[in-house]
Amino acid sequence: MSSTPELHPLLFTTLSPFPPATSGIQAAALNATSCEEWEQTHHLLFHLASLSLLLGLSIPTTFGLHMILLRLLLMTGCGLFIVWATLYRCNLDVMVWNVVFLVINFMHLFFLLYKRRPIKIDRELRSVYKRMFEPLHVREALFQRLTGQFCTIQTLKKGQVYAAEDKTSVDERLSILLKGKMKVSYRSHFLHNIYNNAFIDSPEFRSTEMHRGEKFQVTIMAEENCKFLCWSRERLTYFLESDTFLNEVFRYLIGKDITNKLYSLNDPTLSDKLSMMQMRNSMGSSSDTDDVLNQILRGGSAGSSLQKSPDTKNSSKMKSIDEGMEDDVFEESSSKSHRIPSTSTEEV
C-alpha cells in the first residue's frame, strides 16, 4: 500500500484560490480593531468643508445675522463635501446625504431672507408709524399686519360730522386722524380740538369696553378736510386679543391720548400746545396713565371725570405722563383751572 505524503498547512494557504481577498479581510479586521495602520489624509476639499461647518457652529448667537451666516456656512460645507465625494472618493451615499442637507439649509436661508425683506408702509401711514408705533418698538411687519387686513382710510370734508351726540354708536370703529383738524363739542359748547396722529374716539373706546350699545356723548366735526385711519372695532379687538404685545401698545397709546384730551379740557388752548409737543415723540409713565384711565372709567366719560376731580393734586399726578411737556404749560393750565366756573355733573 502506498502511503500518501502529508502536506504542510502552508501549502493549502499558498494554493488557495482566493488568497488576496482572505488576507485583505483579515488585515482590515485587524486594522479596524487596533488602528495599527491609519489611512492617508483626505483631499483639501474635505478639510475646507469641515472648516466651514466649524465656523458656522462657532458664530455667537448675540450677533445679529448669526442665523443667516450659519446657514450660508453650512451650505458651503455641504457643497464642498458633495464635490469631494463626487470627484475624489466616488462615494454615492456621502454625496446624496450632503445634497439633502444642502437643500434643507437653502430653504431655511430663503425663509430668513424673506423675513428680513424691507416692508413698505404707505406714505399716508408713515407718519403715524414714526410718531406713535415705532417709539414703542413695533416692527414694520407687525404694523403692516395691523393696518393691512381690516383697516380703511376714510375722508371727511370740512363741516361733515364724524360722530353726533346721542345718535352715533360707539361700538363700530376706532380711528386715528391722519390729516386735518377736528372739533369736539358738547351741546354746542366747544371742548377741545383733535390734530394729526391722535385718536379721534379713544375715550369712547376705553369707557365702553364693558358696556356696549352706548352712544357718543359729544359731537365730533371736521374743521378742515380730514383723512383718518379707521378700524372695525370688533375685528380690531379680536386681533389684539391674539397679540399680547400689540394689545399693551394700544392700551398705552389710548391711555396717553385720553390724558392729553383731559388736559385740553382744562385749557382749550392747551390742545394746540399738545399737538406741538407730540412732534417730540415724548413717552410717559404707563402706571400714571392707568390711573387716569381708572378715573375716566369710574366717571363714565372724560368730561365728568374732569369735573369730579379738577384739583391740582390730580394735575400734578398726571404731569409725568408726557415728559416732553414744558413746565410752564402745566403751570398755566393749573392756574386757569381754579377759575373755571363750576358746573353740575348732569350739564357736563
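Along the chain as shown, the residues are counted starting at 1.
The backbone N, Cα and C atoms fix where each Cβ goes, glycine too.
Residues annotated as domain 'POPDC1-3' in TrEMBL: 42-267.
For the transmembrane segment (43-61), same-chain residues at least 6 beyond its ends with a Cβ under 8 Å from one of its own Cβ atoms are 69-74, 76-81, 83-84, 88. Here TrEMBL flags 43-61 (among others) as transmembrane segment.
Residues or ranges marked as transmembrane segment by TrEMBL: 68-88 (among others).
Annotation comment: TrEMBL describes 94-114 (among others) as transmembrane segment.
The region 'Disordered' annotation in TrEMBL covers 299-348.
TrEMBL lists 303-318 with the feature compositional bias 'Polar residues'.
Long-range contacts of the transmembrane segment (94-114) within the same chain: residues 67-68, 71-72, 74-75, 78-79, 81-82, 85-86, each at least 6 residues beyond the stretch ends and with a Cβ under 8 Å from a Cβ of the stretch. Model confidence over the domain 'POPDC1-3' (42-267) stands at 88, taken as the mean pLDDT rounded to a whole number.
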